[in-house]
Structures are given as C-alpha cells and as structure tokens.
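Database features, via TrEMBL:
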| type | residues | note |
| --- | --- | --- |
| TRANSMEM | 34-55 | transmembrane segment |
| TRANSMEM | 83-104 | transmembrane segment |
| TRANSMEM | 116-138 | transmembrane segment |
| DOMAIN | 120-226 | domain 'Phosphatidic acid phosphatase type 2/haloperoxidase' |
| TRANSMEM | 166-182 | transmembrane segment |
| TRANSMEM | 212-229 | transmembrane segment |
Amino acid sequence: MDQSPSPSRFQAVFRQGHQALCLTKGWCRRHPRLAVLGWGMVGCLPLFLGLDPWLSQTLRLKMSEDLRGFFSIITDIGLGGPWYIGFAAGWLICMAAAGLALTTDAHELWRTRARSWSFALLSLAASGIAVQVLKFLFGRPRPKYYFSDGLYGFHPFSGHNSFPSGHSQAIVGAMAALWFVYPRYRPAYAVIAVMITFSRVAVGAHYLSDTIMGSLLAIVVCLWVRDRYRQDGRPDVTLR
C-alpha cells in the first residue's frame, strides 16, 4: 500500500507555512526594532550551538600576547561608569549654564543642549537596565567556566552573567548616543565601538554572541529613546 503523503497534505503544509511567514512579516513590520533583536538571536544560533566556544578557544590559543595585552588595556573603555558620569556632567553643566543665562535665547540654547545630554544618559541607562535583567534571566556562564569546568549553555536564574555583554552594551550605547548628539565624528564612534566590543571576546571575558546581542540591544534602545525625544515636533537631539 502506498504510504507517500498525498498532494493535499503537501498543500496544507504549504498553506500553513505561508500563513506563518505572512504573520511573521506582519509582526516584523509592526515591531521592526523588536524584530532586529529576534533575528539577531536567530542569527546567533550557530554561535550558541558550538561556534562560540570554538572561537574563544581559538583566540585563547592563537592570539599573540602583545595583541592580547593591547585588548586588555582598551577593554575597560567599555565600563559604563565613566560614560554615565560624563553624560550626567554634560547635562548638569548645560542646566547650570541655562540657569545663569542672561538672555532668553541663551537660556533656550543651553536647555536644548541639556536635553541632548539627557537623551544620551537616558538611552544608556535604559539599555543598561535591560542588559542586567537579561543577564539574570539567561544565566549564561562566562568562557572561563567552559575552559575550567566544561560549563556551557544557558542556566536561567543561576547568577551567571555572560549574556548579553554589559561592556558591549555600554560602549555601543554611548557611541550610538553620541552618533546622534555629535554626528560629525561618526566614523570614530564606529571604530571605537567595534574595537572595544571585540576586545571582550579577545580577552576571554565574553563569547561573540554575548557582544553581538549586547550591541544590538544598545542600538535598538537608543533608537527607541530618540523616537520618544522627537515626538510632538520637539527639537532633535543633535547639537549643531
């Protein structure tokens, strides 16, 4: 007796697949930034399934000590603290200048500048909070635990905190904010973001997928905050 699937069954499967694809496309159009994060996770699947530890092991064995030393020096540029302090200081200075301004035009100018720094501070803080929540939820061990104990994968609520990368979120979040505040230096921002993000993998602090998702999250949150600042015809955050 012929047990091969009937044409009608193939048609039903095709219709269901087509409907699922249409639903996915519709959702992505309605929520493009969430879609970026979703597709980022999908794109990282090969890394999750084995390429992450392979790359970390390769860099650990093959990278020269001089190059590793260089990345060890620059990697802490990705610490969030100095960026929070810098953005907060920019806001406070501009607010103080606005309060001391002698003319209405000068007051409005400094208030506008303060608004730009508040955007940078808020976007960095928002993505930083999101990263800390996700670290707790995913519970991914850092590469050092893979090398010492063979511990790999995701262990929700375990206290491990490799995924996503906080340094990557901080440096990319800071550079993304400056991308809009001072667009003149965009090439420099891109170079800094890539170098510091890769340094987290080079020094063995994170897997590549940790840095990718930390970076994507920072960019998406920065764009979302910028949209909020541009509502109702309010001034752009760019400083002229």
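Placement of Cβ uses the backbone N, Cα and C atoms for every residue, glycine included.
For the domain 'Phosphatidic acid phosphatase type 2/haloperoxidase' (120-226), DSSP puts the residue distribution at 81 helix, 0 strand, 26 coil. The domain 'Phosphatidic acid phosphatase type 2/haloperoxidase' (120-226) scores a mean pLDDT of 97 in the predicted structure.
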